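Quick look at what Swiss-Prot lists:
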- 1-33: region 'Disordered' (REGION)
- 64-115: region 'Disordered' (REGION)
- 195-258: region 'Disordered' (REGION)
- 198-212: compositional bias 'Low complexity' (COMPBIAS)
- 219-235: compositional bias 'Low complexity' (COMPBIAS)
- 236-253: compositional bias 'Basic residues' (COMPBIAS)
- 280-375: region 'Disordered' (REGION)
- 313-326: compositional bias 'Low complexity' (COMPBIAS)
- 345-363: compositional bias 'Gly residues' (COMPBIAS)
- 398-418: transmembrane segment (TRANSMEM)
- Tyr420: phosphotyrosine (MOD_RES)
- 428-448: transmembrane segment (TRANSMEM)
- 474-494: transmembrane segment (TRANSMEM)
- 516-536: transmembrane segment (TRANSMEM)
- 565-585: transmembrane segment (TRANSMEM)
- 605-625: intramembrane segment (INTRAMEM)
- 634-654: transmembrane segment (TRANSMEM)
- 672-748: region 'Calmodulin-binding' (REGION)
- 810-819: compositional bias 'Basic and acidic residues' (COMPBIAS)
- 810-839: region 'Disordered' (REGION)
- 828-839: compositional bias 'Low complexity' (COMPBIAS)
Amino acid sequence: MPIVLVRPTNRTRRLDSTGAGMGPSSHQQQESPLPTITHCAGCTTAWSPCSFNSSDMETPLQFQRGFFPEQPPPPPRSSHLHCQQQQQSQDKPCAPFAPLPHPHHHPHLAHQQPGSGGSSPCLRCNSCASSGAPAAGAGAGDNLSLLLRTSSPGGAFRTRTSSPLSGSSCCCCCSSRRGSQLNVSELTPSSHASALRQQYAQQPASASQYHQCHSLQPATSPTGSLGSLGSGPPLSHHHHHPHPAHHQHHQPQARRESNPFTEIAMSSCRYNGGVMRPLSNLSSSRRNLQEMDSEAQPLQPPASVVGGGGGASSPSAAAAASSSAPEIVVSKPEHNNSNNLALYGTGGGGSTGGGGGGSGHGSSSGTKSSKKKNQNIGYKLGHRRALFEKRKRLSDYALIFGMFGIVVMVIETELSWGAYDKASLYSLALKCLISLSTIILLGLIIVYHAREIQLFMVDNGADDWRIAMTYERIFFICLEILVCAIHPIPGNYTFTWTARLAFSYAPSTTTADVDIILSIPMFLRLYLIARVMLLHSKLFTDASSRSIGALNKINFNTRFVMKTLMTICPGTVLLVFSISLWIIAAWTVRACERYHDQQDVTSNFLGAMWLISITFLSIGYGDMVPNTYCGKGVCLLTGIMGAGCTALVVAVVARKLELTKAEKHVHNFMMDTQLTKRVKNAAANVLRETWLIYKNTKLVKKIDHAKVRKHQRKFLQAIHQLRSVKMEQRKLNDQANTLVDLAKTQNIMYDMISDLNERSEDFEKRIVTLETKLETLIGSIHALPGLISQTIRQQQRDFIETQMENYDKHVSYNAERSRSSSRRRRSSSTAPPTSSESS
């Protein structure tokens, strides 16, 4: 079914009855490029909820009480008893819109004149398109465009064309006031296939046509607010026959507590039975939605609009609906059910829309063809891991059935030799059991190789399985099937076996069973043990080890796993292999020799074990010799295996006796200390003997030649001892410089060189910084003369201006002073003479 992913964002805002935003995002309301839907008076109904609750809906769209706090809850007004019961049974209405008269109570509001869409005082909403045949035909072009989009930029649910909706309009609110506007730019309609199917089953076909959004339905049906999906005629509802089951079903759902802000952003339309799931990680929503958008397929509901007057379809309305229906893109469905197609193609009256069914079939084939092409790396890794687990499980089952067949074969062979013959029913039953286990084993092997081919296709991106079928793979598959198919056939079949006895060389002829030829090759099934060990190895299943191995070009196969086991626990591996080979070879020699061994020498199990042991160890006493070529061949293989195991034992013992690195370092340190002491002692002996020789030859009156020769011999011995100790010390130093120590020294030198390189790079960076600073300083120095000259000129200009101002002041002062002196002289000349002057 199609999956619609919606990412909740902070862009979700409340909407009041006029379409204006409330809350923290109200300032974005004016910037929204999407138009608003204007509801006219004809689409207003009594107050009813629009909570799209359903039992199969994951995130229903519910409007809590108080979602529009600016409007007081209006009193319930309805002309029918059903409307009053519906209003009383709802605990949490979606939006308390003001009640207005119903269209069918006021025909002058519901039915308008054809062709008067342009002169209408209000814009016609989507719900008014199907009020009648004339109105639907004429008002199809007058409907306002409804844009459906999600909050994410690369959403997987969007409309590709913005066209008017006539018959298939989805109303987000089923009631409003006169002249109210509702912005649906942030809302996505929601519809449910299950609720629609229940409504189609419950509502009978009727000729009376009501408005799709105005019919009062039970609260559990989402079509009361959504209308029809364009797949049939509008449903007629009888107000005087309320269904009690609807109220009982709505009561537990209406009490569901939810956040209106989150639900508005996360609610989406489940077209064709789709399921909405919110994204768990917001950081990956853009990438996921873009991937889904590349695989999206358009789903268009068929244009089946039925007008009034007995349910006759209107051609003009159907044409307008088919031409103007929005193309809604839904994510790629995994399974297209016939019920989902029938939801769009079948109407309430039984009419089927062929266009919807054809569109669904085309989208189904398109999605199936593009499913494998658009698989991302996450899907491939998950599919590859699942194939790994299945292959490991198949290998385990194959080993179980293979070992079961071997055990039953051994039991049947031993019982038929001592308890009963091959013609008994017990032997037949055991052989039938062996055959059954062999058939199951062959089936498991075939399925195992099929899984390997699927893994090859996933790893190499191949589309056809024939690409993986190389001649080498086909040969090994056929060889494996042939090896596992060998088993004793039910029935008693014999042949004549002739051999020559060991010591008497007399011919021996006897009648042997064919089962001996078919039983011994069953031990070849033990190769399944190596496969199981490989698939269960930590080196093979761990992703980190496989990544490191791939970087180092290491192939993780059975050989590599056996090498690691021989490195980790060589003694255990050799012990298990030797004991298993010993027991199997001894039983095989017993089964081969029992038809020609009259003295019961090699046909005895203990005697056969002795023969295999001395052959395995390459001793060969000669007291026991096989008579048949079968026994001789088993002894030959045992001798070869014994030589190899003996060499491995010697290598393992030598490795165990070898000193470890720490032990070598301790041993070298102790030997170096001892050699240092010996060098000191030898040097002291040389000095002592030299002194004694000097004393006995120079400091005595009578020279004792015997004593002098004795000290000379000791002196020569001390020199020789000193030289030998120094040679041993030099050899010890050479032995200490092993490959591991050289590697360690190389690592130390590499670290030193790396440190020097880092220091040189740091030094170069500092030099570059210093050069940059020097260049800046040189530029500043070059610009200094200009700055100095400019400063001098400015200071000179200021000085001149100051001097000019002082000069002007001085001149004005002198002029003022001269004027004042002349004024005083003039006043003194014009003054009358005094009495003293006159006398």
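Backbone N, Cα and C define each Cβ position, glycine as well.
Less than 8 angstroms from the CB of Tyr420 (phosphotyrosine) sit Tyr426, Ser427, each of them six or more residues away in the same chain. Most Cβ pairs under 8 Å with the transmembrane segment (516-536) belong to 398-418, among the candidate stretches 398-418, 428-448, 565-585, 634-654. Mean pLDDT for the region 'Calmodulin-binding' (672-748) in the predicted structure: 89. Between the transmembrane segment (474-494) and the transmembrane segment (398-418), the number of CB pairs under 8 angstroms, six or more residues apart, is three or more, so the stretches are in contact. In the region 'Calmodulin-binding' (672-748), the DSSP tally of helix, strand and coil residues is 69 helix, 0 strand, 8 coil. Secondary structure counts, DSSP: the compositional bias 'Basic and acidic residues' (810-819) has 10 helix, 0 strand, 0 coil. Panel annotation: around the transmembrane segment (398-418), residues 424, 426-427, 430-431, 433-434, 437-438, 440-441, 444-445, 448, 484, 487-488, 513, 515-516, 519, 522-523, 525-526, 528-529, 531-532, 587, 591, 594 of the same chain, lying at least six beyond its termini, place a Cβ under 8 Å from a Cβ of the stretch.
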